[in-house]
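This report refers to the structure that appears directly beneath it.
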């Protein structure tokens, strides 16, 4: 009720995403290699963690009310839906990458390994993908409680770290287990034993009711092909990299993973909204396959980190370009502005 009626819903959505980005880059400035909370505690000022709690809360609140504000202003459109879910697909990975700075990477005593970080991020992205894969097949977007719980846990973790310090994560919490161990159990539990089974159940129920949007098994599984191949290629690079690329550049590699998955999922969202068939192979797979092949074969040598940086820039630029182009095309087609409630003047 406090949001002025002249503000476009997409402004709320984008403002929340910008806050997430600002928070991520701020943490990255103080903790590029995920060691500030482990081997070098105290490098991240307490106010940064409190700012993280504030930005996470604001982003969560804005993401929760943008749809309500759209209905309140009678401005609900496919552009708004795509804008919301598209930015969510990117923000999902950024939330996780920011939180890794609280846990810190493994220093032999506490923290989590960079390989565990990669697995955590993959599980979270898999959950997000399943929600939209479910809607692709059923036409209904079922949002599990895992998202709300994760946001509350993130805010609480940042507040705790800002108030007490990162040392709280380096002491046994209960029965010799650390708080990070409990969070891991929650993540895996909600993902593999609640969210994913719920997705399969909803699709099965739609099949029994004969309300599935796709009749054949091939059409139903088609959106999963590119994400699965993307995950396989990335995992091969992580496991077989001669230069141990994930250990050397964890933040850069995980950023690239999040952006690549976001673009793949965005295209699934577009197909789900427009009732069209998704492409079998995403174009990201071609340059990625070439880079992975060159890396694991040793052809890249000492240039592996530089090639990773170039690939991360390419993927990020391509994703931003894709988002801008789709947004402009939809705004022109629907005769609306992205960040204004005024109608476009038709030529």
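Each Cβ is built from the backbone N, Cα and C atoms, and glycine gets one as well.
Look at TrEMBL and you will find 12-30 (among others) tagged as transmembrane segment.
Remote same-chain residues near the transmembrane segment (42-62) are listed as 12-13, 15-17, 19-20, 22-23, 26-27, 30-31, 36, 91, 95, 98, 101-102, 151, 154-155, 158-159, 161-163, 165-166 (criterion: CB distance under 8 Å, separation of at least six residues from the stretch ends). According to TrEMBL, the feature transmembrane segment maps to 42-62 (among others).
Sequence-distant neighbours of the transmembrane segment (112-130) (same chain, 6+ residues past either end, Cβ-Cβ under 8 Å): 34, 88-89, 92-93, 96-97, 100, 103-106, 144, 146, 180, 184, 187-188, 191-192, 195-196, 199, 224, 227, 231, 238, 246-247, 250, 253-254, 257-258, 261, 265, 268. Here TrEMBL flags 112-130 (among others) as transmembrane segment.
Per TrEMBL, the feature transmembrane segment maps to 142-163 (among others). Proximity of distant same-chain residues to the transmembrane segment (142-163), defined by a Cβ-Cβ separation under 8 Å and at least 6 residues beyond the stretch ends, is recorded for 37, 46-50, 52-53, 56-57, 60, 95, 99, 102, 127, 131, 134-135, 169, 183, 186, 190-191, 194-195, 198-199, 202.
Feature annotation from TrEMBL assigns transmembrane segment to 175-196 (among others).
The annotation transmembrane segment is assigned in TrEMBL to 217-240 (among others).
Same-chain residues lying 6+ beyond the ends of the transmembrane segment (252-270) with a Cβ under 8 Å from its Cβ atoms: 82, 85-86, 89-90, 92-94, 96-97, 100, 117-118, 121-122, 125, 128-129, 132-133, 136, 223, 226-227, 230, 234, 238, 245-246, 276, 278-279, 282, 284, 288, 305, 308-309, 311-312, 315-316, 318-319, 322-323, 326. According to TrEMBL, the transmembrane segment annotation covers 252-270 (among others).
Annotation comment: TrEMBL describes 282-300 (among others) as transmembrane segment.
Annotation comment: TrEMBL describes 306-324 (among others) as transmembrane segment.
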Seminar exercise, completed: Long-range CB partners for the transmembrane segment (306-324) (under 8 A, at least six residues beyond its ends), listed in sequence order, are 86, 90, 245, 249, 252-253, 255-256, 259-260, 262-263, 266, 284, 287-288, 291, 294-295, 300
Exercise. So which residues does the transmembrane segment (217-240) touch in its own chain, when a touch means Cβ under 8 Å and the partner is 6 or more beyond its ends?
Worked result: 115, 118, 122, 126, 129, 132-133, 136-137, 203, 246, 253, 257, 260-261, 264-265, 268, 271-272, 277-282, 284-285, 288-289, 291-292, 295-296
